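What follows is a short report on a single structure.
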Amino acid sequence: MPEPAKSAPAPKKGSKKAVTKTQKKGDKKRRKSRKESYSIYVYKVLKQVHPDTGISSKAMGIMNSFVNDIFERIAGEASRLAHYNKRSTITSREIQTAVRLLLPGELAKHAVSEGTKAVTKYTSSK
């Protein structure tokens with residue numbers, strides 16, 4: 001039985017490095033694609049809570065994954081709530097209800113109060 005021809009190894013799944021093209025004559029240099037994350041915001045909150053504490057890149061990756069997961073859960077639940085009520089817009093009310101449904105007890109209360117505070121601050125600054 002003939003062996004199949006081996007091709008170049010495929011890049012690992014979840015690889016974060018941007019693929020750069022070799023520069024051709026007359027072409028402009030290609031920029032690396034930006035990878036969005038919540039790391040700067042996680043770092044700012046960490047410094048507010050514990051100014052003398054650092055965070056490893058692995059821990060930051062976990063925190064980024066956590067924030068993305070919670071965001072998707074809240075957005076999904078808010079979307080479902082809007083659909084149930086035959087609405088085409090997700091308002092702060094849907095977000096608040098989604099948070100109450102997803103987060104347990106005291107955590108939900110704190111999240112709702114912080115969210116209300118943030119919305120009030122935003123509307124007053126407009």
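The backbone N, Cα and C atoms fix where each Cβ goes, and this holds for glycine too.
Annotated compositional bias 'Low complexity' per Swiss-Prot: 1-12, in sequence order. What Swiss-Prot lists as region 'Disordered' is 1-35. Taken from Swiss-Prot, the feature N6-acetyllysine applies to K6, K13, K16, K21, supported by experimental evidence. The compositional bias 'Basic residues' feature in Swiss-Prot is assigned to 13-34. Taken from Swiss-Prot, the feature phosphoserine applies to S15. For S113, the entry in Swiss-Prot reads O-linked glycosylation site, with the evidence type similarity to another entry. The ubiquitin cross-link annotation in Swiss-Prot covers K121.
In the three-state DSSP assignment, the secondary structure recorded for K121 (ubiquitin cross-link) is helix. When the Cα atoms are compared, K121 (ubiquitin cross-link) and the residue listed as 'O-linked glycosylation site' turn out to be 12 Å apart. Using a 10 Å radius centred on the Cβ of S113 (O-linked glycosylation site) and all shown protein chains, the other Cβ atoms total 10. Within 10 Å of the C-beta of the residue listed as 'ubiquitin cross-link' we count 9 further C-beta atoms, all protein chains included.
Secondary structure at S113 (O-linked glycosylation site), taken from DSSP and collapsed to helix, strand or coil, is helix.
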